[in-house]
């Protein structure tokens with residue numbers, strides 16, 4: 001089976017990819033989306049969101065990274081796909097699934113689910129423009145409101161000659177509600193089409209992964225939010241490893257501190273780590289207590305000092 005670390009705008013950046021691919025056996029990663037407008041984007045935009053381009057489009061641990069593009073104009077999507085390929089992208093992924101309101105209002109992401117013909121045009125333009133040895137893939141939801149629309153959408157992607165398709169098994173209207181997951185539609189898609197598929201949505205542990213495989217008939221899975229809830233989720237889903245114990249998560253928080261503070265995003269560190277705690281609290285009750293201690297801290301040094309002190313207390317308690 002394959003397990004892929006999916007994209008999450010504003011969260012799964014290159015620093016998080018580097019850290020999570022060091023402790024998980026991911027087959028590849030997908031970047032946060034590169035927003036395509038009506039012009040060629042400068043190289044620094046691609047390098048900012050995918051600095052791995054400077055090292056063969058791989059993380060430091062050697063995991064391939066695809067560049068994801070989000071936009072609605074076939075010409076400019078293709079032009080920027082060409083540039084990403086020239087910069088060395090391992091693959092080009094096209095975002096037709098982002099449910100964010102601001103993205104949809106500008107006719108990007110999931111908004112295109114209402115226009116399968118435009119999806120076809122974007123996919124075809126990118127596939128025709130990019131050298132054949134570089135895969136062009138897409139990511140969709142089941143539809144805007146009606147999951148039955150997925151078949152026409154998938155047909156558009158397939159007719160555009162995409163090499164692979166990730167299906168998030170909810171509609172845009174379904175948001176991220178667990179009750180809205182519909183893995184059975186991925187099975188129906190598999191039976192009706194020939195395009196290779198990746199299943200995505202509500203995969204939080206090994207049992208979920210196995211249930212998804214059994215329901216969909218697909219053994220390629222993408223994880224996103226869950227990878228932040230439990231940092232070693234990739235290995236849990238792929239190899240049935242135990243969830244990382246809390247003290248190891250704290251060690252990882254300290255490691256993340258080194259990445260963020262020494263990297264190019266140090267000034268954002270307080271917000272970034274607090275954002276991560278919002279996910280960790282879903283799986284680790286201890287995270288809520290630690291978050292209460294640091295949530296009012298605004299200086300990097302104060303947060304780092306508190307984390308070190310907390311880790312020392314854990315060692316004493318053990």
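Including glycine, each Cβ sits where the backbone N, Cα and C put it.
From a predicted model like this one, the values you see are computed outputs, not experimental measurements.
The Cβ of residue 98 (active site, proton donor) lies under 8 Å from the Cβ of 9, 33, 70, 104, 108, 109, 110, each on the same chain and at least six residues away in sequence. In the three-state DSSP assignment, the secondary structure recorded for residue 98 (active site, proton donor) is coil. Residues annotated as active site, proton donor in Swiss-Prot: 98.
Using a 10 Å Cβ-Cβ cutoff, residue 7 (FMN binding site) registers 26 neighbours. Taken from Swiss-Prot, the feature FMN binding site applies to 7, 8, 9, 68, 139, 200, 201, 202, 224, 225.
Of all the Cβ atoms in the protein chains shown, 18 others lie within 10 Å of the Cβ of residue 35 (site 'Interacts with tRNA'). The site 'Interacts with tRNA' annotation in Swiss-Prot covers 35 (among others).
Marked as site 'Interacts with tRNA' by Swiss-Prot: 95 (among others). If you draw a 10 Å sphere around the CB of residue 95 (site 'Interacts with tRNA'), it holds 26 other CB atoms from the protein chains shown.
In the shown protein chains, 13 other C-beta atoms lie within 10 A of the C-beta of residue 176 (site 'Interacts with tRNA'). According to Swiss-Prot, the site 'Interacts with tRNA' annotation covers 176 (among others), on the basis of sequence analysis.
Under DSSP, residue 272 (site 'Interacts with tRNA') is assigned to a helix (H, G or I) in the three-state scheme. Look at Swiss-Prot and you will find 272 (among others) tagged as site 'Interacts with tRNA'.
For residue 274 (site 'Interacts with tRNA'), the same-chain residues that are 6 or more apart in sequence and have a Cβ closer than 8 Å to its Cβ are 291, 294, 295. Annotation comment: Swiss-Prot describes 274 (among others) as site 'Interacts with tRNA'.
DSSP gives residue 279 (site 'Interacts with tRNA') a helix state. The site 'Interacts with tRNA' annotation in Swiss-Prot covers 279 (among others), and the record cites sequence analysis as its basis.
Annotation source Swiss-Prot lists site 'Interacts with tRNA' at 295 (among others), citing sequence analysis. In the three-state DSSP reading, residue 295 (site 'Interacts with tRNA') counts as coil. The local packing around residue 295 (site 'Interacts with tRNA'), expressed as other Cβ atoms within 10 Å of its Cβ over all shown chains, amounts to 12.
A Cα-Cα distance of 16 Å separates residue 201 (FMN binding site) from residue 279 (site 'Interacts with tRNA').
For the recorded positions 139, 272, counting C-beta atoms within 10 A of each C-beta gives the highest total at 139.
Distance noted between the C-alpha atoms of residue 7 (FMN binding site) and residue 95 (site 'Interacts with tRNA') is 10 Å. Cα-Cα distances to residue 95 (site 'Interacts with tRNA') place 139 within 10 Å, out of the recorded positions 139, 176, 224.
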